[in-house]
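The structure appears right after this line, and notes come after that.
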Amino acid sequence: MAVSYDLRPIGTCPVRESDNIIVKERSKLSLIGLSQDEMAEALKAIGIPERQTRMRVRQLWHWLYVRGVSNFDEMLNISKPMQEIFKKHFSIARPEIAGEQISKDGTRKWLLRFPPRGAGRPVEIETVYIPEEGRGTLCLSSQVGCTLTCSFCYTGTQVLVRNLTAEEILAQLLVARDCLGDFPDRNTPDGAIVPVEGRKITNIVMMGMGEPLYNFEAVKKALLIASDGNGLSLSKRRITLSTSGVVPGMIRTGEEIGVMLAISLHAVNDTLRDMLVPINKKYPLALLMDACRQYPGLSNAKRITFEYVMLKDVNDSLDDAKRLVQLLKGIPAKINLIPFNPWPGSNYQCSDWEQIERFADVVNQAGYASPIRIPRGRDILAACGQLKSASERLRKSERLHLEHIVNS
């Protein structure tokens, strides 16, 4: 497979003029990411009569999340004078799209640049769209960088800069829907690989940069807005939050957000998991499995997904497969087997495909679904474990090294 680094101009993604007025909009309160109650309070604060606030919130919510507008002028059932008032006080601008890459398999990756907060600098994060037959999955980031330093993950080599806000998490979804033509009256880019019918984005996974449960409140707020039936209206059964095992946040996720849960597992004993996923030293497997068994709503209809990266001669033996079955005993679960995706400087190799299939057979025979995830977007560093905002600026030597390890 040849490696493509197509940092093409953003011609494939419709960016309206209003989306680029970022500096001017920075000092204004963004309505994106506010709850309806917070939006009502913001309207009262600028002098909107209290008797009007519920109606105005409904109007704004519809235009922002159903129609997907990013310019108050497009809100056709709001008077021009009221539009001007909103423009003066609020922002609904999108972040800057600093880069877009399109894989040969149709996977798309956007590099989004957010303005500085306080005395900080602008930050960049990556968001990935994975089209499949009948569905389209958007992988969202929750932090800029990560603190967890999982040894097989590229994001773990980028130090944590800061948490993303609810606005910035939601902005990833809004930008992706803009670019894919997933709002009413928008056109899908020519040649784009998307579901033939219905929505272009059917599923959300919090599996991008960062640990979602270390940014719980912002993630919660963003996902509750994304699943609101009067707006973006994504089913909670189609939203999956993935954690490396932040045990205290897991029960809260089920109780307060109610989405599907995925566990970044990758090992069946504490010694190995301490090395692969260092947070295991704080929340070892016994605590993690106990929290899984207590997850609210857990049932055969609401299973936990366990993610297991396949590392050659590290965690891929048939004995490991048998121990995995024992570890998950009694937990309604699905096990995603993930072929390791190489990145510059990684010290691991992907398990041989035949070994992955043998591993899957052991798990399947024990009654667990264990699909092997087909790598998507490897050629643009968009596959699982490959996200890192600095990857858009890889040095030539790193690109050549990546091409060598992908093709070997």
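Each Cβ is built from the backbone N, Cα and C atoms, and glycine gets one as well.
Listed features, source Swiss-Prot:
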type	residues	note
ACT_SITE	E126	active site, proton acceptor
DOMAIN	132-373	domain 'Radical SAM core'
DISULFID	C139-C384	disulfide bond
BINDING	C146, C150, C153	[4Fe-4S] cluster binding site
BINDING	G210, E211, S242, S264, L265, H266, N341	S-adenosyl-L-methionine binding site
ACT_SITE	C384	active site, S-methylcysteine intermediate
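Spatial neighbours are here defined as Cα atoms within 10 angstroms of one another, and by that definition the neighbours of N341 (S-adenosyl-L-methionine binding site) among the recorded positions E126, C139, C146, C150, C153 are C153. Under the DSSP three-state reduction, H266 (S-adenosyl-L-methionine binding site) is assigned to coil, being neither helix nor strand. Of all Cβ atoms in the shown protein chains, 23 besides its own fall within 10 Å of the Cβ of C150 ([4Fe-4S] cluster binding site). Each residue contributes its Cα atom, and for L265 (S-adenosyl-L-methionine binding site) and C150 ([4Fe-4S] cluster binding site) those atoms are 11 Å apart. Closest to G210 (S-adenosyl-L-methionine binding site) in space, going by CA atoms and restricting to the binding-site residues C146, C150, C153, is C146. Separation of the C-alpha atoms of C150 ([4Fe-4S] cluster binding site) and E211 (S-adenosyl-L-methionine binding site): 11 Å, rounded to the nearest whole number.
Long-range neighbours of E211 (S-adenosyl-L-methionine binding site) (same chain, six or more residues apart, CB within less than 8 Å of its CB): S142, Q143, C146, T147, L148, T243, S244, V246, I279. Using a 10 Å Cα-Cα cut-off around the residue listed as 'active site, proton acceptor', the binding-site residues C153, S242, S264, H266 reduce to an empty set. Here the C-alpha separation of S242 (S-adenosyl-L-methionine binding site) and C139 (disulfide bond) works out to 11 Å.
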